[in-house]
Structure formats: C-alpha cells, structure tokens
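Lifted from TrEMBL, the feature list:
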{"type": "DOMAIN", "residues": "C:4-77", "note": "domain 'Glycine transporter'"}
{"type": "DOMAIN", "residues": "C:89-163", "note": "domain 'Glycine transporter'"}
{"type": "TRANSMEM", "residues": "C:30-49", "note": "transmembrane segment"}
{"type": "TRANSMEM", "residues": "C:61-77", "note": "transmembrane segment"}
{"type": "TRANSMEM", "residues": "C:83-104", "note": "transmembrane segment"}
{"type": "TRANSMEM", "residues": "C:147-164", "note": "transmembrane segment"}
{"type": "TRANSMEM", "residues": "C:170-188", "note": "transmembrane segment"}
Amino acid sequence: MTPVLDLVGIFVFALSGALQGVRKRLDVVGIAVLAFFTAVGGGIVRDLFIGVQPAALRDTAYLLVPVVATVIAFFWHPQVERAMPAVLVFDAAGLGLFCAVGTAKALHYGLAPMHAVFLGVCTAVGGGVIRDVLSGEKPTLLYDRELYAVPAMLGSTVMVALHALDVRGFVATLSSAVLAFAFRILAVRFRWRAPLAKGVGKAR
Amino acid sequence: MTPVLDLVGIFVFALSGALQGVRKRLDVVGIAVLAFFTAVGGGIVRDLFIGVQPAALRDTAYLLVPVVATVIAFFWHPQVERAMPAVLVFDAAGLGLFCAVGTAKALHYGLAPMHAVFLGVCTAVGGGVIRDVLSGEKPTLLYDRELYAVPAMLGSTVMVALHALDVRGFVATLSSAVLAFAFRILAVRFRWRAPLAKGVGKAR
Amino acid sequence: MTPVLDLVGIFVFALSGALQGVRKRLDVVGIAVLAFFTAVGGGIVRDLFIGVQPAALRDTAYLLVPVVATVIAFFWHPQVERAMPAVLVFDAAGLGLFCAVGTAKALHYGLAPMHAVFLGVCTAVGGGVIRDVLSGEKPTLLYDRELYAVPAMLGSTVMVALHALDVRGFVATLSSAVLAFAFRILAVRFRWRAPLAKGVGKAR
C-alpha cells in the first residue's frame, strides 16, 4: 500500500506538471507525460541510482494519480490556476515529504549519509527538472534563485542525523518533512534568494 | 539472434533520427548519436525501468544498424527525403512492433498489466523523445497533436489482453503490432488530432 | 580509494561544468548541479547501462570534488577563465582517462568489445552532453564539429585491443589515455573538423 501522504505529494507534483503542460499548449498526451514525470521522475532517478526497480513500476497508484491530475488540469485549469497559492503550499509539502522519504529509502539500502542526502534531494527536485527539460526549457531549479533544493537538503540532512541517532520511521519522516516544508514556506514568504556569482555579464 | 522484424524497426527509427540530424546540420558524430538513441533509446528506458541490462548492450546489431543508417543519411539524404512517405509507413510499422515487443518483455519480467502497457508505449515513443531533447527541441510527441502515443497504447493494451487470454508469442506480437500500425496509418491519413485544453492563450 | 588520476579528471570536468553555470548566470544551486553531472554524468550513464550502482554513489570524493569546483568557480571564475587554455589541456587529459577507465570497466563486466568501446565513449562525453541538456542547450558534441568523441573512440578501441592482447591494468589504461589525449590536443591545435553532410541548407 502506498501511504496516503505519499499519494498527496504525487498528486500535487502531477498537478503542477499537468498545469505547465496546459500553459505551454501541449496536447493531452504531452500533459499526461509531464504530469507523470513531474510526479514520479525524482523517485525514478533515485531508484535507478540505488539500483532497484522504480517504485512507480510496482504500484498502480503511481500511474493512476497522474492520470487523475491530467484530467483535472485538462478540464478545470482555470479553477486550478486560481487556487495556485494553495498549490504552492501543497508543493512545499510534497517537497518536504519526498526529500524525507527519498533519504530514508537510500539509507535503507545502505548508502552512506552524504549520498543519502544527495538522493533525498534528487527525489524532491528531480521531477521538476525532468518536467522542464521535457518542456524544452532550462530547468528553473538551476537559475531562478528560489530556495527549493536548499530546503530539501535541510530535510534530508535532518533525516540522516535522526537516523544516526536511531530515530526512525514515522517520527523521523514527519520531523524532517515538516522542517523542509517550513523552510520552503519561509523562503517563499520572505523571498530569500540563492546567490549568483559576482562579476558576470548577461547570460550567454 | 535479433529477429529480422526488430532490426527493420531499429533501422527505420535510426534513419529518422539520422535525417533529423542532417536537417539540423549536426556533424557526423551528432548524426550517429541521434540515429542510435532514436532507434534504441525507448528500449533502453524500458530495460532500465525493468531492471535488466539494455538489450542494446548485448547485441552487436543494435550498434551496427544505426551506423548503417548514419552512413545512408549522411551521403544520400536527398534521396531518403524524397522517399519520406515510404519512411512514414515504415515508421508506423516500427511503432507497432516496438509497442508489442516492449509490452511482451515487461510481461515476461512479471510487471502488472498497466505497467506493461506503460513500458510498451515507452519503448515505442521513448526514442523519439530522446532524439528531440538531444537536438535541443521540445519533443514533438508532447505538442504536435498527432496520434502517435495513442496507437502505441492501443497495441500495448491488446498485447496485454491477448496475454491474459493465453495468446502469446508470434501471433500475439503480430496482431498487436498490426493493430497499432493500422491505427497509426489511419490517424495520419485522416489527420486525427489529440485534443488541446480549452481556454488557453498562446504558448508560454 | 579513488585513484588520484580519476579525481583529477573529475575535478577538471566539474570545473568546466561549473564555469558554464557561471557564464549562463545560474545560481549557486545550478552551478553545483552542472559541476556534478558534467563530472560524473558519463560514468553514471555507463554504470546504469552495465547494470551496477553508479560509482558516484559509492565514493564520497565524487560528491566532494564537484563541490570544491563549484566554490572555486563561484568565487574565482575570472581567474579560472584566464587559465582556460590550461583547462583545455586538463579537459583533454580527463577525456583520455575517462574513455580508458570506462572501457576497462565495461570489459571487466563482460561486455563485448564493440559495446565496451561504446561505453568508454559514453563515459568520456556523456557528462558534457548532460551539462548542455541541463543548461537548455543543444549539446555541442552533436554539432560543433570538434573532434571530441573521435579521440575517445580511438582511446577506447586501443584499450579493447590491448585487453585482447592481455595487456591490462595501469599500462593499458595509461597508453590508451595518452593516445586519446594526444589525438585530442592535435585536433584542437590543427583545427581538425568532423564532416557535415553535403547539400543541406541552414539548420532547421
């Protein structure tokens, strides 16, 4: 059984992918592809790196939830766009949850702490990067200066620390996820920005 | 031994990749890279998702056939372009074959029906998506409204249904492939189109 | 232990990725992502194709070295840019080393000679392709006509030939790497170019 929280994360990410598809005037196939890979692309990358079959290919919900998100975005995108501030909050929740769950899975398979953090961040941000590459855009993660990978890194690091202290399972996941979520919300609220290198002209 | 039909599919896909490389004025290395990944990229994605070593790395023909396609496109691209209507028919044949073969492989490795359909479609359309991403373009699959993934989905679904009815092997593969092929040809002939979401302005 | 030579190759590739990130005005997260995937992306692709867990997830140095390169490029990119001719030489050294090491690993896992050459070239050039795709650019490998994949192919082929003659280990790696390196340096020095197909108009 896929836990409910996990499905919520997947649904929100799928919705954000499907919405980007609608905005870029993709057809229904393209919308579904973006919905799917935004939602589970990060987890697929994590699982390929760990060396296990991607969870998305073991659980029917991972295919069905993106389909539901596609249908919703296809028919009711104006309503969803109006609800975007709420979507942003859910997206932050998904970010927190995915970094915690991804780190836990990496630790479970015996990866070293630093690599577990790396895979936790990959799980949380990988889907968005794949979404942007598939839409023919430079991934926003790399240049938009929003703190997005950084909260994921915080959550993953806390997860690894709790694991080292033998705090595991639901408590560890929830604490790490909530911390990453809170950091992300604060970063959006106060417009914290990732630094740029100094002394560079316009982008080439 | 790679069956002859499989090689025909690979050759046609490789040729379409190589031609795109020529049109975009890639050098000979770029033409070969596009030929290779267009032809076997979908199968590589399928095999990585299943968790087996990609067939392309077990069989010499999978490397040699794209090289042949590269040479042909490099020296005789005007002639090949003139034969494009024929190439379209072969491409539809490749699409049918790849979705059937990909689904069969996924079922063979014990994946659930819905995931087998998903992997069949990946096998059939994945190479074209990789080709477009590597050429620095938005994948045509996502926006051009042609029915391309949909015939593959039909073929894969039929394959799964036949498998459930214990119809397997050559008969199942050929029936599924022919159905997907026929649907694809009809879709091209009658200009069937995948729907767009309503009420969206110009692409952003 | 990661051999020193390997780390030098990773450092140089990471630096080239980080510099591209600085030039394209990515934020610090984007610079680090490019540094990492430029350095180890080719090896990751090779390992996924072989079917083993990517070496980058087993060795802490593979994560730390790109971080160091990120810091250097972030703060001292003007100095590094001025040292670019030297970087070109190091990059050629990395190219030689990576194709030799990649081929050796593929042979070690029992791949056929032609596939080992293919994976050696993937190891050497894959990171740069991923770097360009992630920066939202057409991979320079595919169109800039520089001989880059070709020296890697030479090095990998020599490695396979030496392996067949039972020359292995350090001697084989170094000979293959030096040959690829020398070919690359000569290609840069004398502006050798990969051919374009004839009779094609402007890029579409």
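The backbone N, Cα and C atoms fix where each Cβ goes, and this holds for glycine too.
Predicted automatically and left uncurated, TrEMBL annotations should be read as such.
No contact links the transmembrane segment (C:30-49) to the transmembrane segment (C:147-164), because fewer than 3 Cβ pairs that are 6 or more residues apart lie under 8 A. Mean pLDDT, taken over the domain 'Glycine transporter' (C:4-77), works out to 94 on the 0 to 100 scale. Secondary structure of the domain 'Glycine transporter' (C:89-163) per DSSP, as helix, strand and coil residue counts: 61 helix, 1 strand, 13 coil. Within the domain 'Glycine transporter' (C:4-77), the DSSP-based counts of helix, strand and coil residues read 63 helix, 1 strand, 10 coil.
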